[in-house]
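Since the structure comes first, as structure tokens, the remarks are kept for the end.
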Amino acid sequence: MAAANPGGGFLPVLRNRNFLYLWLAQIISQMIFNAANYAFLVLINKVSQSTTLVGLAIISFVLPAVLFGAPAGVVVDHVSRRRILWGSNCLRGIATLLMIVVLIVDHTSIVPLYILTFIISTIGQFFAPAESSSIPQLVRKSELMPALSLFNITMQISQAIGYVVASIVLTLLPEFHLFNLTIDAFVQLYFLIGILYLLCAGLILLIPQNQVDRKYTTQSGQITTQTLGAVGSIWHEMYQGWQFVRTNKPLFLAVIQLSYAGVLLFVVIELATKITTNLLHLPENALVLVFAPAALGVVVGSLLTPGIFRKLGHSRTITTGTIILTIACALVPLSAWLSPYLKPAGWSFNPLVFSLIALLLLAAGFGLDFLNIPSQTAMQELTPNRLKGRVISLQLVLYSACTVPVILFMGGFADAFGIENVLYLLAVCHILFGAWSLYYEKKHATAIQAYHQRQGMEQEKQVITLEQKRIH
């Protein structure tokens with residue numbers, strides 16, 4: 001474990017070589033996973049021109065989290081996390097390279113592509129909890145907030161970069177022929193993605209196994225024995241994980257808050273095209289102009305949230321984030337409503353309205369961090385290491401299960417009533433969610449206040465340690 005000063009920000013964490021390898025593997029794998037999903041959506045739309053089939057494509061990489069997320073968490077709690085991280089990247093790389101074979105043999109054969117996309121996403125369900133539960137093993141407890149904040153920054157940035165890079169690659173790479181085979185931009189992109197997955201596997205091998213799995217083995221026996229037992233009682237252990245979350249009131253609240261933030265992110269991605277075309281009156285290929293301000297807000301928020309969180313505390317930080325999101329969602333359509341009064345005659349694009357909406361999207365990204373980072377930190381701190389995989393997977397299952405119906409509902413609502421009304425609806429949802437969070441905290445005040453008091457004592461110890469080091 002790296003010897004870093006508590007509260008020293010990102011630099012001490014990044015000096016930890018083992019954490020750095022895991023972080024780089026996360027950046028690359030997250031970026032190429034989203035690039036592959038973007039390319040898949042474009043390919044399905046190009047081949048079929050069917051909105052329904054595009055919707056099925058989205059479900060193909062969201063549904064595995066619902067079906068396999070929780071069982072994957074049980075497996076992560078019983079198998080070497082380093083082995084899972086390495087193996088999942090290798091398997092995803094191989095599956096991606098198989099997509100190239102399908103595309104070369106028959107470019108219009110989409111059923112095998114659905115199956116391979118589903119398989120790749122399923123493998124990813126094992127990677128995510130193994131990765132998240134490995135972070136506390138590689139950093140000190142005082143470095144956990146900066147480490148999680150850094151992972152949050154790069155996760156959001158990698159998603160945006162994945163979409164942008166895939167769009168550029170598919171536009172710029174020329175089609176050519178090799179040995180009578182047609183090598184188009186999709187084939188070239190998937191080849192790069194497959195190679196990068198294998199590179200991520202190599203980065204994981206650079207982390208010593210005793211670092212990732214240092215606190216792994218329990219008193220009940222060896223890992224192999226645990227794994228065999230887990231196979232026979234996997235659903236029972238999933239239920240145990242849920243019971244642990246449900247009875248631990250601060251943890252349950254953190255899981256719900258983190259899941260809400262995850263669902264909200266998917267909704268924003270879904271509505272981004274409508275915001276671009278209907279509110280900003282820009283072409284669909286200008287989608288990056290919507291993602292960029294929101295992504296910048298997420299980056300700035302991730303940098304500032306740890307310091308703000310230490311001053312405001314968990315509850316007030318979450319409440320502040322909810323208020324910011326409510327105001328942003330309500331003012332974006334109002335800005336568009338003012339557009340006819342602000343737009344000079346003959347202009348098809350109003351830079352003033354665009355700038356205002358960009359600022360609101362930046363604020364929304366900032367507010368999203370106020371939900372995401374405190375709840376993610378609480379979930380990590382409140383979960384014992386032996387249950388981390390299960391709890392993280394349960395959280396992923398929860399938000400993925402909610403994402404599918406919410407996306408279908410919000411998409412239908414936007415088509416029927418317009419993007420403006422769906423944003424107003426989102427603002428109302430933020431208010432209701434904030435009110436529920438405050439109600440839940442008051443209802444279970446004793447348990448939640450005990451967690452906040454422990455957290456305050458830890459932060460006070462960190463400050464004292466820093467002062468002592470400065471004196472010496």
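Just so you know, glycine gets a Cβ as well, placed from its N, Cα and C.
What TrEMBL says about this one:
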DOMAIN    18-445  domain 'Major facilitator superfamily (MFS) profile'
TRANSMEM  20-41  transmembrane segment
TRANSMEM  53-72  transmembrane segment
TRANSMEM  84-105  transmembrane segment
TRANSMEM  111-130  transmembrane segment
TRANSMEM  150-173  transmembrane segment
TRANSMEM  185-207  transmembrane segment
TRANSMEM  251-269  transmembrane segment
TRANSMEM  289-309  transmembrane segment
TRANSMEM  321-340  transmembrane segment
TRANSMEM  352-371  transmembrane segment
TRANSMEM  391-410  transmembrane segment
TRANSMEM  422-440  transmembrane segment
Next on the checklist: Between the transmembrane segment (150-173) and the transmembrane segment (289-309), are there three or more CB pairs that fall under 8 A, provided the residues in each pair are separated by 6 or more in sequence?
Outcome noted: yes
Next on the checklist: Can you tell me which parts of the same chain pack against the transmembrane segment (352-371), counting only residues 6+ beyond its ends and a CB-CB cutoff under 8 A?
Outcome noted: 152, 156, 257-258, 260-261, 264-265, 268, 275, 279-280, 289-290, 293-302, 304-305, 308, 317-318, 320-325, 327-329, 331-332, 335-336, 338-339, 342-343
Checklist outcome for this item: Averaged over the domain 'Major facilitator superfamily (MFS) profile' (18-445), the pLDDT of the predicted model comes to 80
Checklist entry - Are there residues at least 6 beyond the ends of the transmembrane segment (185-207) whose Cβ is under 8 Å from a Cβ of it, and what are they? => result 18, 21-22, 24-25, 28-29, 32, 35-36, 39, 43, 82, 85-87, 89-90, 92-94, 96-97, 99-100, 103-104, 138, 166, 169-175
Next on the checklist: Could you check whether the transmembrane segment (391-410) and the transmembrane segment (20-41) come into contact, where contact means at least 3 Cβ pairs under 8 Å with the two residues of each pair 6 or more apart in sequence?
Outcome noted: no
Checklist entry - What else in the chain is close to the transmembrane segment (251-269), if you only count residues 6 or more beyond its ends and a Cβ gap under 8 Å? => result 62, 244-245, 294, 318, 325, 364, 368, 371-372, 374-376, 378-379, 382-383, 391, 394-396, 398-400, 402-403, 406-407, 410, 426, 433, 437, 440-441, 444, 448
